[in-house]
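Enquirer: This is the structure I have questions about; it appears just below.
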């Protein structure tokens with residue numbers, strides 16, 4: 001029986017989840033909800049179903065896999081990853097997974113706050129000033145490893161890819177000083193399942209955010 005992934009018809013928080021579902025060759029279908037245009041940004045497609053799905057904390061994205069009904073994007077990633085042993089094996093690897101899972105979410109949220117803010121034009125230059133340091137931390141954490149945790153890919157590589165790619169779209173030159181991050185992105189995009197997905201009609205690279213956002217809403 002196929003899993004169902006529910007989310008807005010955007011990239012957003014579902015990008016890493018979709019990539020992981022494809023990489024693991026999981027059987028799934030998507031339930032995509034459309035938000036209305038300004039000024040109302042009608043969300044009735046989702047709100048009409050929100051409390052009817054049996055979710056403990058009704059929100060998007062959600063994943064329904066038989067009796068398992070999961071919200072929170074990282075919880076969904078962890079659930080899929082545990083099925084395929086993509087959570088790290090040693091204690092050291094699991095520590096690195098935990099650190100990067102939270103760091104990637106922090107940085108992703110920081111960018112989203114800027115992109116959704118009415119003060120976007122004021123906040124963007126300030127964010128760009130901090131960007132090299134953010135990327136340097138990712139670069140140092142990766143080091144000479146092929147994947148962020150070590151020799152084997154884990155689910156946090158999908159989060160890291162998402163956040164690095166988002167920033168590459170936001171500021172195309174932001175990775176130029178960090179060849180190991182550029183190599184990581186190429187390595188990730190070169191994975192057979194990922195490459196095939198990115199060439200398919202299912203792939204949804206944009207819009208990055210919902211229509212409420214000031215930047216990345218198209």
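Glycine is no exception: its Cβ is also placed from the backbone N, Cα and C atoms.
What Swiss-Prot lists as glutathione binding site is 7, 8, 46, 47, 48, 49, 50, 59, 60, 72, 73. For 116, the entry in Swiss-Prot reads substrate binding site. Marked as domain 'GST N-terminal' by Swiss-Prot: 2-88. Look at Swiss-Prot and you will find 90-208 tagged as domain 'GST C-terminal'.
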Enquirer: Averaged over the domain 'GST C-terminal' (90-208), what pLDDT does the prediction give?
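Expert: A mean pLDDT of 98 is what the predicted model shows over the domain 'GST C-terminal' (90-208).
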Enquirer: Where does residue 46 (glutathione binding site) sit in the DSSP three-state scheme?
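Expert: In three-state terms, residue 46 (glutathione binding site) counts as helix.
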Enquirer: Write down the Cα-Cα distance for residue 116 (substrate binding site) and residue 46 (glutathione binding site), rounded and given in Å.
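Expert: Taking the Cα atoms only, residue 46 (glutathione binding site) lies 20 Å from residue 116 (substrate binding site).
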Enquirer: State the Cα to Cα distance, in Å, between residue 48 (glutathione binding site) and the residue listed as 'substrate binding site', rounded to an integer.
Expert: 25
